[in-house]
Structure formats: structure tokens, C-alpha cells
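The Zn(2+) 1 binding site annotation in Swiss-Prot covers His69, Asp102, Glu164. Sequence annotations record features per position, and here Swiss-Prot assigns active site to Asp71 based on sequence analysis. Residues annotated as Zn(2+) 2 binding site in Swiss-Prot, with sequence analysis given as evidence: Asp102, Glu136, His353. Annotation source Swiss-Prot lists active site, proton acceptor at Glu135.
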Amino acid sequence: MPLDPVALTADLVRCPSVTPEEGGALVLLERILTEAGFDCRRVDRNGVPNLFARWGRKGANRTFGFNGHTDVVPVGDAAAWTRDPFGGEIADGWLWGRGATDMKSGVAAFVAAAVDFVQETPPDGAVILTITGDEEGDSVDGTTALLDWMATEGEAMTVCLVGEPTCPERLGEMMKIGRRGSMTAFFTARGVQGHSAYPHRAKNPVSAMARLIDRLASHELDKGTGHFDPSTLAVTTIDTGNPATNVIPALCRATVNIRFNDRHSGASLIRWLEQEAAEVAAETGVEIGLSAKISGESFLTPPGELSELVARAVEAETGLRPEPSTSGGTSDARFVRAHCPVVEFGLVGKTMHQVDERVEVAQIEPLKAIYKRILKDYFT
């Protein structure tokens, strides 16, 4: 009997797997996949839950991989939800709950597709599923741990599809062939505290920070590249910790986030930020320090065999030719791309991370059909 992706999605939503809790989600999937003949291994690292599953021969020349996550973001105010966020309730044509869109429906669809495919038409090759419980958190011991373990064990994927939600409005509209890089810069300006009536006796870190922020925000990083929109810089915090209106504080902190295309690297942007900070410091006499966190570099899987395989399957099942895009935030594809070519395709993601997160039930079975067709075409 075919594996029902709708029922599996509901079962997964009922698992309260808020990062870093496993919540029973990977235990459920491991049982299903083991019963279907997959070789399953828990690859937990530093308490972070991860699941590896392979059907077929280790080291096969053609190995198709799926990647996804079962961890979810916190519910927030549970009283604000129309339905139980971990109830997996189906009502009004929707399946409700935290993770319904991001991305338990995607995981359920590719698990169901893989199980049905290998049982109905066993391929000459292998199918690997890598599913983590650490995508919404720090992403340090999740997919990276799985890929590290695979390298040690001689396991490899030839290509990989990440089942994150990718479509803006309708299933089939968009797939991701790359992602922008992301980095966060933390600035600390240290001046000299003083009375606001005597500004000449102080060194105002707020004024210095404002000058720096104005320079950064008004600078055009680029005009975009062949497959990427222009890079963006957003100021996300400015803080002095100063409740007094007649005191010039000694300290001011600010944070900016940069989403960057393939014209830049995290290192090149840090060099630019350091130069800008040094120039403002020289102009104002205020010391400005910088630390930065690079969450991921930009990457691109150039249009080719893998993207065409996915596009054909999507068009065959939905009638829509998916637009190849690099928009949006980061995903674990940024880690997979160092292992093998990777493309992302999944459901409409309009309600992910929101109160009353939900997925249209009528989309889940078609997503399974798309994934199953991709497998069939890949191994034909």
C-alpha cells in the first residue's frame, strides 16, 4: 500500500520537535524507513538528533539524495493559535500546526516518494535521505554532522534535492538553484561619556555610529549578477543602554545583516566593513570595533542536468515550469553544495514560522508525485 504523505505529515506535526528537541519525529521516520528496507543510522552529534537512511548499495555510481529537517521554530503565544500547534488537525482543506509548511510536509512527501519508488521499481543505484533536527537553530551539528559522517563512512550522494518550501503562491512556480550568502556584523563604538550640555568635552559614540550606519546603508554593494539580485544590507539593531536624556553615553552598539550574491565573499565584506569603520573612527576620534558571523557563503548550482530534471518533473505534474531562483534566506543547501550538486524544490511557504502555520492538503500528494517522478526519471 502506498505511503500516505498527508497522514505522515500530520503524525510529524504531532511530534513537538522544537529545536533542539527531537520530539519523536526522527524515531517515527526511522521506524518507517527501516520497515521499508532502508539502512538507517542515527548520526547524533553533541546532543543534536540526525538521521541517515540509505536504500541500495553503498557507493553506487548513481545515488539520489534528499535532505530536510524535522525541527521547528517555537510556537510563540499558543493562545493566539486557532488550533493546537502540535495537533496535526485537518480542517477547511488545510493541515494545521507548527512545521506543517516548514518543512514536515516536504519531509513526508520525499519519504513517501522514496519508499514507494524503491518498493515498486527498485532502481539500479541508491537513494539516500539525510534528515536533521538542527536546521532552525545554530545548524552546527545538523546537516554538517551528517555530511561529515558520510565522508568518514564512504557514503556519498551524486546529486541532492532539498525539500524546503520554495514556491511563492502556487506549487510549481519556483525552484532554488542557489542561495545568497548571509553575514551579521556587530559594531561597538567606544567614546567618552559626558554631559549633553558640554558635547565638546565628550566623544559621542552615538554620533559616530550614526555616521557609520549612514555610510553603510547608503552604499550600493552591487547591481546584481547573472543569477542573483543585488546584495542588501539591513540595519537590525542600534543600542546605547542609556536611559538618561542629558548624558552622552560612552558606548553604542549596532548590528547589520548583509545578504550577498556571488560577487562577494564573507571575507571581502568584512574587509570593506573594517575599512569603513576605521575611516569613521579617524574622523570622529571614537574607537569602533567589529566582529562578524558568516552564516553561509553564496553559492550557485549552474542550470544543467539536475535543474532540468527537476523542472521537467514539476512541469509534468503541475503544468508550470519552475523559475530558477536564488532568492530568500539560507538553507542547509549551503552545506550540501560542497558535497554534490543541489537544487531545492518544495511547497508554498507563505505561513512558515507564523501563528496558525498550515499547509494546503491538496498540495501534499502532488509534491510526493513530483519527487517520485524525479526519482523515476533520474534512474531511467
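Glycine too: its Cβ is placed from the backbone N, Cα and C atoms.
On a predicted model such as this, the values are computed, not experimentally measured, just so you know.
Around His69 (Zn(2+) 1 binding site), the C-beta neighbours below 8 angstroms that are at least 6 residues distant in the chain are Met103, Val107, Ile131, Thr132, Gly133, Asp134, Glu135, Glu136, Gly142, Thr143, Asp332. Cβ neighbours of Glu164 (Zn(2+) 1 binding site) (same chain, under 8 Å, six or more residues apart in sequence): Gly68, Asp102, Met103, Gly106, Lys176, Ser331, Ala333, Glu344, Gly346, Gly349. When secondary structure is read from DSSP and collapsed to three states, Glu136 (Zn(2+) 2 binding site) falls in the coil class. A distance of 12 Å separates the Cα atom of His353 (Zn(2+) 2 binding site) from that of the residue listed as 'active site'. The Cβ of Asp71 (active site) lies under 8 Å from the Cβ of Ser17, Val18, Thr19, Pro20, Glu21, Ala25, Thr132, Gly133, Asp134, Glu135, Glu136, Gly137, each of these being in the same chain and 6 or more residues away along the sequence.
Here the recorded positions are Asp102, Glu135, Glu136; the one with the fewest Cβ atoms within 10 Å of its Cβ is Glu136.
Taking the centre of the Cβ atoms of His69, Asp102, Glu164 as the Zn(2+) 1 site, the nearby residues of that chain (Cβ within 8 Å, site residues left out) are Gly68, Met103, Gly106, Glu135, Glu136, Gly163, Pro165, Ser331, Gly346, Met352. Note: the Zn(2+) 2 site is recorded as Asp102, Glu136, His353; in the same chain, Val72, Val73, Gly99, Met103, Met352 also have Cβ atoms within 8 Å of that site's Cβ centroid.
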